[in-house]
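Q: Sending over a structure as structure tokens; questions will come in a sec.
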Amino acid sequence: MEKCGGGFIRINKVESITLVRHGMTEWAESGKHTSVTDVALTAEGRAEALALWRFLVAQGHFDGIYSSPMQRAYHTAILAGFSDPELHRGLCEWCYGRYEGMTTAEIHQKDPEWSVFRSGGPGGESPENVRDRCDDLLREWDEKGRRHVLCFAHGHILRALAIRWLGLDLRFGDHLHLDPGSVSQLGWEHGVPALHLWNYRPRRLISGARAGSLRPPLWGVRSGQ
């Protein structure tokens, strides 16, 4: 596998990647940027994680199940029914450096034009660092022969991973929104990397609230491979 023109990563074996953002935390609820701070799920975050199970089990067999080592991610995996995910530091959240624990409004008081996808975190990771980390993840899964990958991680790193699957510049991340407790799915369309599902929230559907995300496709269950 190698980089292709236009920024694509050539994929030979991976057929789908299911992205799960961890459930709600106190810092996420208040809008604080959270990377290395190991915060726990709130009661609502645990409920969001439990609500994931029915949708994820309907997707069938996953031959690679991964989680960020941060408790908010792997506890989401466990509550969603996946008790033994492989913990992978490549799925840790974008390191915000000196902006850790700050809200976007607070950061914009210092730097009105700031976006993590364009500027990175001062003293943390640059967009180039995160781009390379995502590319390494895609290479690793492909070289290991993973076909259907499930990963539990964080809002910015999952957006970056989706963008790199699509072969786009990370600046495109400013146009994507990803809620806690949401599921997204990457796949293929006529041989081209594609976005199949984005920001679907099972908890919102179960609780009877108005759905504000894309509805899940009527896919059949895949048999084990």
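From the backbone N, Cα and C atoms, a Cβ is placed for every residue, glycine too.
Keep in mind that TrEMBL annotations are predicted by a computer and have not been checked by a curator.
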Q: Write down the one residue from Arg54, Arg72 that TrEMBL lists together with Glu93, Trp94, Cys95, Tyr96 as binding substrate.
A: Arg72
Q: Report the same-chain neighbours of Cys95 (substrate binding site): residues 6+ apart in sequence with Cβ closer than 8 Å to its Cβ, ordered by sequence.
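A: For Cys95 (substrate binding site), the qualifying residues are Ser35, Val36, Gly121, Gly124, Glu125.
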Q: According to DSSP, folded down to helix, strand and coil, what is Arg72 (substrate binding site)?
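A: DSSP call for Arg72 (substrate binding site): helix.
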Q: Pop the Cα-Cα gap between His22 (active site, tele-phosphohistidine intermediate) and Arg72 (substrate binding site) into the table, whole Å please.
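A: So the Cα of His22 (active site, tele-phosphohistidine intermediate) lies 6 Å away from that of Arg72 (substrate binding site).
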